[in-house]
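Report on the following structure.
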Amino acid sequence: MDYKSSLIQDGNPMENLEKQLICPICLEMFTKPVVILPCQHNLCRKCANDIFQAANPFWTNRVGSVSMSGGRFRCPSCRHEVIMDRHGVYGLQRNLLVENIIDIYKQECSSRPLQKGSHPMCKEHEDEKINIYCLTCEMPTCSMCKVFGAHKACEVAPLQSVFQGQKTELSNCISMLVAGNDRVQTIITQLEDSCRVTKENSHQVKEELSQKFDVLYAILDEKKSELLQRITREQEEKLSFIEALIQQYREQLDKSTKLVETAIQSLDEPGGAIFLLSAKQLIKSIVEASKGCQLGKTEQGFENMDYFTLDLDHIADTLRAIDFGTDEEEEEFIEEEEDQEGEESTERKEEGHQ
């Protein structure tokens, strides 16, 4: 690994050095011990062991019982085949040079002063960094504002503690909002199923109605058209209501999704002060969005269309008066027919006696 030539070519040596110290497996800075492969590429020993175990699932190296056979895997950087002996990745040579460079890099990073442009500065005291958080005013500020400025009488806290607290709170809000979005998606799916079942039930009752009317089509043609129109109107009203609900839930889901994306981007902000400038309002927006999921729903059995069914086992003379009715009306009709038949039977008996 030619670190010197890489650093000379780049205008920012520390940034370029960090890129050279990234493990191609975990995509993090190398974790000691670092091993060097025969192809001269480097890996964390743990990452090398992970890909070795994945490529050789039956290879064992137990305590007190060392495997007599080795294994092989391919370098993730150049695909060169690396052949291992019975010691596995523990037989690879450690790259002490890279490990020393990592120690020097970390020491250099910890001792480097923070650049003025990389940290928000106080508007009232231009040479002061924003380094504390005013709990009273709920805003980040600088030490000079606490001692001499507008926040002199306010309660303050270390910036890092508030940063971690609100970051955790925002993470919890995101989880809550994502869970809410899952519930909204479930409701949308249920509404779409309800729409489908409503269509199926409407189709079913239409077929049943058509089949029954076909028996006496000559008499019932006009009535049949009227009843079918009523079913269609009912179907359209229900479908319009369900589709309106679906649209409302879709709009809310879109808003929530955009809010989640904004919150996730905010979580990626490494600077505590920059994060805190917008975190409070963002948390408030998420809480309000999660409470706003109070849209309408369909009642149980909303898609049911059974009340449009008909029993056409009636006398032909009464067909013109048929309508969609309740069970009580049908029972009253049957009782009236029975009473009428009873009266006719009594009259016939009396005429026979005479």
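Positions of Cβ are set from backbone N, Cα and C atoms, glycine also.
Among the residue ranges 67-116, 217-266, the one that TrEMBL annotates as coiled coil is 217-266. Across the domain 'B box-type' (117-159), the DSSP tally of helix, strand and coil residues reads 8 helix, 11 strand, 24 coil.
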